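A quick write-up on the structure given underneath.
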Amino acid sequence: GILALLKRLRSSSGKEVRILLLGLDNAGKTTLLKGLVSEDITQVTPTQGFNIKSVVSDGFKLNVWDIGGQRKIRPYWKNYFENADVLIYVIDSSDKRRFDETGMELMELLEEEKLAAVPLLIFANKQDLVNAVTASALAEGLQLHTIREPNTMASASLSMVAYFFSASVKGILALLKRLRSSSGKEVRILLLGLDNAGKTTLLKGLVSEDITQVTPTQGFNIKSVVSDGFKLNVWDIGGQRKIRPYWKNYFENADVLIYVIDSSDKRRFDETGMELMELLEEEKLAAVPLLIFANKQDLVNAVTASALAEGLQLHTIRDRHWQIQPCSAITLEGVKSQKLIVVITMFNSRKAWIGYAETYGKNKRRCSSIPEFCWNTHDLSYIVYLTHCQSDESV
C-alpha cells in the first residue's frame, strides 16, 4: 500500500524508476511522452512497437516505456510488465465511442499479477477539445470507484495512489525527493465544520475511542496517532457560530484540512458552503489539501457525496488537491480504514505542490501551470488521480 511505497522510496537513493505508458491507439501517449521530455510534438506518428525516453535528475532516472496501443499490439503489453514501478494509462476523453473498449483494457490490466501493487496514474487527455468528457465523469463512467484493495496477498489488483501532482518530470522528481526524506515527520491535521456535523464523533472513531458519550466541543480537542514513522496530530475545533472566528488561530502550519459536513441537514448546506469557501480564501491555508467528509450517510435523508460536491461546486476548486468521501462517524464506514493512507498521501501532496509552484516562481495559491485536480472516488485507500492535460501542449 501507500506506506510500503513511502518506505521504499525513502530508501531509494539513485533508484531507477520504470514507468509503463499504456492506452489505446490515438489516446495521445507518444505526444504526452514527448511533452514530458520537452521534445517537438508537431510530428508524431502512431507507435508500432515502443519508445523509451529517460530523464535523469536529482538521483532519479525515470525510464518511460511508451508501448503502441493498436489492437494487434496490445497482446504484447504483458512483455513489458516486469519490474514496472508506475503505470500511466492514457485515455482520449473526447472519443466516447471507445470508452467501453478502453475501460475493458484497463480492467484487464488490473487483473495482471505482475502489476499487483503498482501505482496507477490515469491521464484524461485531450481536455482542450470541446467534446471532451470531464475527468470526474470519466471516472464515474468507468466505475473506477468499484476498485477495491485485495482481500488476500494472492489477489491480483493494481494499487492506485495519487503520488503524482503534475504531468511534468520536475513534479515527479520533487515528489520522489520529498517522499524519500519524510521519515519521522509530524503531520498537523485541522478538523473543521459546523456544529453538529459530527467532527468529534469522527475523531473519536478514528482513534478507536468510545463514541457513545460525545458533547459539543466548546474549544478544541487534540488526538495523536503514530504509525510507520508518521505522527498524526488531529486538531478538532468547535463549530458553533461564536467559535468560528477563532478558527484562524489554528491555521498556522496545517498540513491537511479535513472539513466535515452533515449531509442530512439540507437547511445548512448554504451555511456550511460559505464557511468552506471562506476557509479556501485564507492565506495561511494556501495549497493545504482538503478532505471533505460527507458525514451521516447512515441516515435515510442524507445527500450523496457526489450530489453534495455538485451543490457546493467543488469542481471550481483549482488551487489545491481535494477529495470528498461519503462516511458515517457512527458506523465508521468510509472512515476507519482510511485514516493513515489519506493524510499521509495528502501531506506529501502538499509538499510536492509547494515545491512545484516554487520551482516555477508562481504564487502558491493560483499557479496556472499546475493542472486541475479532481479527486472524486468512493475509496480513499486507492485514489485515482485524473489529471486534465492538453493534447497539443507541452505538459
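Cβ coordinates come from backbone N, Cα and C, glycine included.
Unlike curated entries, TrEMBL annotations are predicted automatically.
TrEMBL names Gly193, Leu194, Asp195, Asn196, Ala197, Gly198, Lys199, Thr200, Asn295, Lys296, Gln297, Asp298 as GTP ligands; from the candidate set Gly141, Gly239, Gly273, the record adds Gly239 to that same site. Cα separation, Gly193 (GTP binding site) to Thr200 (Mg(2+) binding site), rounded: 10 Å. Within 10 Å of the C-beta of Thr200 (Mg(2+) binding site) there are 22 other C-beta atoms, taking all protein chains into account. For Thr200 (Mg(2+) binding site), the nearest neighbour among the binding-site residues Gly239, Lys296, Asp298, judged by Cα separation, is Gly239. Counting other Cβ atoms within 10 Å of each Cβ, the lowest count among the binding-site residues Asp195, Asp298 belongs to Asp298.
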